[in-house]
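Here is the structure we will look at.
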Amino acid sequence: MTIAKMIDHTALKPDTTKEQILTLTKEAREYGFASVCVNPTWVKLSAEQLAGAESVVCTVIGFPLGANTPEVKAFEVKDAIQNGAKEVDMVINIGALKDKDDELVERDIRAVVDAAKGKALVKVIIETCLLTDEEKVRACEIAVKAGTDFVKTSTGFSTGGATAEDIALMRKTVGPNIGVKASGGVRTKEDVEKMIEAGATRIGASAGVAIVSGEKPAKPDNY
């Protein structure tokens, strides 16, 4: 598998414009990225632009705080699928995890998994920068129990992004059959190679073109 096919080509800034989405989808077609990862408002346009392409549309759910109710997250998923999303990256209820309310964390993830079942792949963002190692392990275990397809490190909107150490811990926790996505601060081919070596099977990056072309990113982004 080429590096491009492991990358979710990402544009999640709040000031993202239509022109930027058109560029993103054009680049996805050109380079063969796994997906474009966009905010829900851009799902329909992205799906139209990628009709017939190998790249699919990924969107974010309960993003970036994870503090919506399970019911709201489930509605977001259904709306996104209706608009053409094939993958959804949800943020867990981080406060509930900190409170050791594992039942709520699981119910929250399961609401998204159930809403997406058979229609979209689910990635669960655990926001590693806010968690202890014990909490990272617990979050991954709950996500697997709830039926996720992937676990993912970060939103790119908090205090830190992906590290090889966290990827290795997540991979060890979920085993070989669940995907692990590194996201947040992955900007170069060298960064990607480190993450893959640690166990990542998907990369979230706004610098996708720079990564596959070997060029330096125009400016650093956290996601």
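Note that Cβ sites are derived from N, Cα and C of the backbone, with glycine treated the same way.
For Asp89 (active site, proton donor/acceptor), the same-chain residues that are 6 or more apart in sequence and have a Cβ closer than 8 Å to its Cβ are Asp8, Cys37, Cys58, Thr59, Val60, Ile61, Phe63, Lys123, Val124, Ile125, Lys152, Lys181, Gly204. Annotated active site, proton donor/acceptor per Swiss-Prot: Asp89 (among others), in sequence order, evidence recorded as sequence analysis.
Under the heading active site, schiff-base intermediate with acetaldehyde, Swiss-Prot lists Lys152. Taking the Cβ of Lys152 (active site, schiff-base intermediate with acetaldehyde) as centre and 10 Å as the limit, one finds 30 other Cβ atoms among all the protein chains shown.
When other Cβ atoms within 10 Å of the Cβ of Lys181 (active site, proton donor/acceptor) are tallied across all protein chains shown, the result is 27. Following the DSSP three-state reduction, the secondary structure of Lys181 (active site, proton donor/acceptor) is strand. Swiss-Prot lists Lys181 (among others) with the feature active site, proton donor/acceptor, giving sequence analysis as the kind of evidence.
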